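Beneath this line is the structure, given in structure tokens, with notes to follow.
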Amino acid sequence: MDHSNREKDDRQRTTKTMAQRNTHCSRPSGTSTSSGVLMVGPNFRVGKKIGCGNFGELRLGKNLYTNEYVAIKLEPIKSRAPQLHLEYRFYKQLGSAGEGLPQVYYFGPCGKYNAMVLELLGPSLEDLFDLCDRTFTLKTVLMIAIQLLSRMEYVHSKNLIYRDVKPENFLIGRQGNKKEHVIHIIDFGLAKEYIDPETKKHIPYREHKSLTGTARYMSINTHLGKEQSRRDDLEALGHMFMYFLRGSLPWQGLKADTLKERYQKIGDTKRSTPIEALCENFPEEMMTYLRYVRRLDFFEKPDYEYLRNLFTDLFERKGYTFDYAYDWVGRPIPTPVGSVHVDSGASAITRESHTHRDRPSQQQPLRNQPRSLTAEWFVLAPLSHPPAPT
């Protein structure tokens with residue numbers, strides 16, 4: 001389920017990561033200059049460690065030619081189930097034309113590691129949710145939702161399903177950058193081609209699949225062991241939107257003796273929670289969205305424009321202006337290269353062996369072991385305050 005085989009809340013796991021990340025990562029040995037500076041490729045200097053997990057570690061880096069900061073993801077070459085090259089391949093498949101995707105600058109060996117150099121982004125929606133006292137206004141959620149429907153439509157247009165919806169995987173741009181207001185989608189380690197590249201046909205419907213995704217947000221059909229398709233990404237987004245509006249979901253914090261029992265309880269609670277109850281006291285459009293995506297057929301192409309219009313029409317009816325004045329605008333946001341105060345004016349201008357996770361599972365054997373952090377979240381903007389318990 002999460003990149004973790006231990007059933008813990010996302011925030012609990014992240015807390016543990018912060019305490020342990022300096023002891024569980026081996027030191028990568030890459031190309032060093034005569035002065036001992038570690039390099040990736042010809043021009044990326046490897047800096048401080050800002051995250052780690054079973055995949056390897058994450059480093060802040062710098063492009064010595066442009067003086068720009070970057071994120072460097074390192075994975076041992078001898079990993080039993082390497083995923084970094086697959087993720088790189090998916091990024092290349094997605095291309096650089098789509099809005100809200102990090103640029104990938106380099107992939108190649110770095111001593112005993114493979115390295116992927118990515119655009120350095122800002123904090124995740126989970127970080128920003130914490131910063132805003134764990135509640136977002138309807139305006140902010142709608143601005144997020146409208147963008148993420150376009151992100152997911154683009155991913156699907158490239159014959160990929162994402163299968164990893166969670167707030168930690170959606171990041172804003174770096175402050176001061178022209179894309180600072182754009183919600184980006186990252187971490188394609190669990191993505192999958194739903195169109196067979198050989199036959200050009202949709203993958204077949206299957207059952208008895210192991211869980212892939214994050215339990216809190218994944219679709220009901222994923223809990224039931226059904227093969228995922230485009231509909232499941234959209235349902236998971238709907239659950240995340242309600243998480244932002246409500247502050248929590250009814251299936252959070254359930255207790256059980258085993259992981260399997262807990263995941264079963266989460267799925268059972270999702271199925272038994274009427275959409276009307278989940279969306280109570282919120283606009284009817286939230287119910288309409290969830291009803292629509294849950295009724296989609298496995299092979300069916302969602303009507304993304306219909307869903308976007310649900311939210312844009314509501315947005316306009318409420319009299320909102322799409323000015324990117326999110327709830328976090330005006331609050332200081334720590335980043336790996338210093339704390340930045342978000343100015344409101346400036347902001348307005350502008351693979352098949354995964355098992356369970358309540359953050360995503362990472363491997364088999366690697367993907368099914370605990371991954372102790374949300375990868376780029378730490379790279380791109382580790383907040384200094386500890387997560388609150390849930």
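Using N, Cα and C of the backbone, Cβ positions are placed for all residues, glycine too.
The shown structure was predicted, so the numbers you read here are calculated from the model rather than taken from an experiment.
Quick look at what Swiss-Prot annotates:
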- 1-13: compositional bias 'Basic and acidic residues' (COMPBIAS)
- 1-34: region 'Disordered' (REGION)
- 15-34: compositional bias 'Polar residues' (COMPBIAS)
- 44-315: domain 'Protein kinase' (DOMAIN)
- I50, G51, C52, G53, N54, F55, G56, E57, L58, K73: ATP binding site (BINDING)
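Sorted by the number of other CB atoms within 10 A, the binding-site residues I50, L58 start with I50, the lowest. Every protein chain considered, the tally of other Cβ atoms within 10 Å of the Cβ of G56 (ATP binding site) stands at 25. In the predicted model, residues of the domain 'Protein kinase' (44-315) average a pLDDT of 95.
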